Amino acid sequence: MLEHLLEVNNLEVSFKTYGGEVQAVRDVSFHVDKGEILAIVGESGSGKSVTVQSIMGLIPTPPGKIKNGEVLLEGQDLLKLSKREMQKVKGSKISMVFQDPMTSLNPTMKVGKQIAESITTHQNIKGPEAKERAIDMIRRVGISNPAERYEQYPHEFSGGMRQRIMIAIALACHPKVLLADEPTTALDVTIQAQVLDLMKNLKDEMDTSIILITHDLGVVAETAERVAVMYGGMIVETAPVNELFNNPKHPYTWGLLESIPDIDAADKKRLVPIEGAPPDLFSPPKGCPFAPRCKYAMDVCVEEMPPAFSIDSGHEAKCWLNDSRSPALKELVSAGRQLS
Amino acid sequence: MYIVKRILIMLLTIWVIASLTFLIMKFIPGDPFASDADVLPEEVLQNIRAKYNLDEPIAVQYVLYMKDLVTFDLGFSIQSETRSVNSIIADGAPASALLGLQALVIALALGLLLGIVAALNHNKVLDYASMFIAIIGISVPSFILAPLLIKYFAVEWGMLPVASWGTWQHSILPTLALAATPLAVIARFMRSSMLEVTNQNYIKTADAKGLSKTKLVIRHGIRNAILPVISFIGPLFVSLITGTFVIEKIFAIPGIGRYFVDSIFNRDYPVIVGTTIFFSVLLVLTLFIIDISYRYIDPRIKLTSGGE
């Protein structure tokens, strides 16, 4: 079997708070191949951001703690690296674009310098040449007059432009993996599409892989090649993007897909929410985290954590319904449960 | 345009301060010659009052004073009549300014350092140690700290000279005594500012670039955290260089601090108004310089003349 570019195995991250220990990420495993875009979707608090920040070593410790797992980049475990070794990886092999472009740039530093800083830190390139490279990056992220823009400060840029600068910073050293933590959430819809297109194009140019965190299934459909659905600190379903939309195998994924508003619907329907609230991660349930909200939950769901059932090549779902012994959905419905 | 407007406003400010001080002083009961009233005959007193225009209506006195003021003549002291207020300031200001500058440099250097160290070691031993020092600095008044410094460094251990002014060794203890409180205030201020900056998203961005801890702290942390501290330096600078009554009294320093206080007890009107104007001119000028320099320190601030 081919080695994956980035492989996360059995990652467990928790945070100590006054209220107790929050188990934010529980036994998460996934991988990304070269040149691939993997989307991680899930609601707020499902552990998406914590997962990617652990990859980057950006979890503040304490209160955070990576309790278990490995993050293999080309076979090298990043979690075992010293701080100094990790500094060499951050920004050069793996880099990150954050959610809020308005606050993610240093307000007192010229944007050009913020890009050049990334270059001089990792490559043996000095002042004027780094500036040249930074100006080139500003051009490549689609900003006109790059030489003038180099000298400007973040407050002279709009939100979309700032996110382009963030992308320029992240890609300045041609990283192998780009982690994008909800890069378009804070932007207008029209700007969102531009930024996503930009990321896709640059990914192809630079042969970078992308892990895209989002809670917008529209973004997923448009951008990603594979999808991991997170719920309650776990990945509940992974599948190629078409498979996930056409043949989802986890009730939470069904809920997510149903809750997308349909602009073409002839009759005015109410929006379909997923009833209930996400699990309490201070004391996560021992069974499936989605069971309390699941219309199809069986006794086994509450009692025991479902394993990852392999549905198809590259498609896995952690749901007991995929066990060959589980009753068909029809029987569950006739037993008094309602299908929407 | 902005600068012209600012200068006009500064002149206006100084005029208002001068007028208010002048008028308020006149309304305080008492008189520079109150203690002489029993000894001197009425006619002599009348003559003395006339010499200082004190027999004129307040409006006339005010106009006469303002006339002198625009020619930078602050008048003569009533208490020691051979000395002009200008010469009192010229004699006293250098010592006070030197002492104040030294104290400011020390307060800034150590205060910022303590604040940064505390913030970087948030809730650890160094944080508690720094803040312990800071709290002592804030809560021990200078009139206690100064005698303590003298007792140990000068009397018990004989390391440093006191009770005169001349060599730089003489200035060490008063500088320390004067610097203690502003040092502590700056340390606490810098700590909270630094803690706030550390939680900003752009620090995470810089961290994700793989910068070393040193570069992260200096380029992205301190640079931003120091901005609010700068606005605080202006008034501090002025209050330090215009002398302090307590420190100058304890260490027998020939500064102008004591004139601020003595002149009020003596109703020495020209000295009161003169030193107050001197103080406000310095303050207004310093604030002006700080505002201008903000333009270069914080790129988000543009100098504009309107309130758009």
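Just so you know, glycine gets a Cβ as well, placed from its N, Cα and C.
Going by TrEMBL, these are the annotated features:
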- B:93-294: domain 'ABC transmembrane type-1' (DOMAIN)
- B:7-28: transmembrane segment (TRANSMEM)
- B:99-120: transmembrane segment (TRANSMEM)
- B:132-152: transmembrane segment (TRANSMEM)
- B:172-190: transmembrane segment (TRANSMEM)
- B:225-251: transmembrane segment (TRANSMEM)
- B:271-294: transmembrane segment (TRANSMEM)
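When each of the listed stretches B:7-28, B:99-120, B:132-152, B:172-190 is scored by C-beta pairs under 8 angstroms to the transmembrane segment (B:225-251), B:99-120 comes out highest.
Counting same-chain residues at least six beyond the ends of the transmembrane segment (B:172-190), those with a Cβ under 8 angstroms from any Cβ of the stretch are 99-100, 102-104, 106-108, 110-112, 114-116, 118-119, 130-131, 133-138, 140, 142, 145-146, 149-150, 153-154, 160, 162, 225-226, 228-229, 232, 236, 240, 244, 247-248, 250-251, 253.
The transmembrane segment (B:7-28) is not in contact with the transmembrane segment (B:132-152), judged by fewer than 3 CB-CB distances under 8 Å for residue pairs 6 or more apart in sequence.
Residues 3, 6-7, 10, 13-14, 17-18, 21-22, 25, 65, 69, 74-75, 77-79, 85-86, 88-89, 93, 230-231, 233-235, 237-238, 241-242, 256, 259-260, 262-264, 301, 303 of the same chain lie 6+ residues outside the transmembrane segment (B:271-294) yet bring a C-beta within less than 8 angstroms of a C-beta in it.
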